[in-house]
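Student: Per TrEMBL, the features are:
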type	residues	note
BINDING	His138, His142, His148	Zn(2+) binding site
Amino acid sequence: MKKRKPKKIVNITNLQRKQGINQRLVRYIVHSAILNLFCGSYEIDIIFCSPAYIRKLNKAYLHKDAATDVLSFEIKEYEGDIFHIGEIYIAPSVARKNYLKYKDFWEKEKWITCNNSRGINPCKINGFNKELALLIIHGILHLFGYVHDEEHILDINDETYDKEMKDMQKLLFDKI
């Protein structure tokens, strides 16, 4: 009997117009990150939205009246054999501001090789897309139980979270 290949569904919704989104890159980042945390069929929603939209979500669910760059909401339900992990909301214009704030860091950061084996041109992955990748990974880690407070990562613990982030960064950007 032939083994069925797991379904990997990434629903991308773009509710904002200010920042272009490379959906192929987003799917690659999501699939690569989840591969490290879960095996099996899954579905995840990635929603790109305005600062005003994410601010409303932040106020309604976390009681913080401010725009943020990323929010994650767990769903964790099976629909048939597909595990619906959750939703990640990202405000690209807030992410861009953060990228510009840390631009010197991003320009020094050498994550990317110019191997084009995945059909994604790594030379076109600029600092903003690196910022976007970190936000996606950060959101996915939240969906799998990694949490933090205002100051730092609390659980599973700092070292584990830092190791997961570094491992995923290396996996993502060395393979692209």
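The backbone N, Cα and C atoms fix where each Cβ goes, glycine too.
Keep in mind that what you see is a predicted model, and the values were worked out from it rather than measured.
If you look at the structure here, what lies around each of the features I listed?
Tutor: Counting every protein chain shown, the number of other Cβ atoms lying within 10 Å of the Cβ of His142 (Zn(2+) binding site) is 18.
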Student: Let me know how many other Cβ atoms fall within 10 Å of the Cβ of His138 (Zn(2+) binding site).
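Tutor: 21, counting other Cβ atoms within 10 Å of His138 (Zn(2+) binding site).
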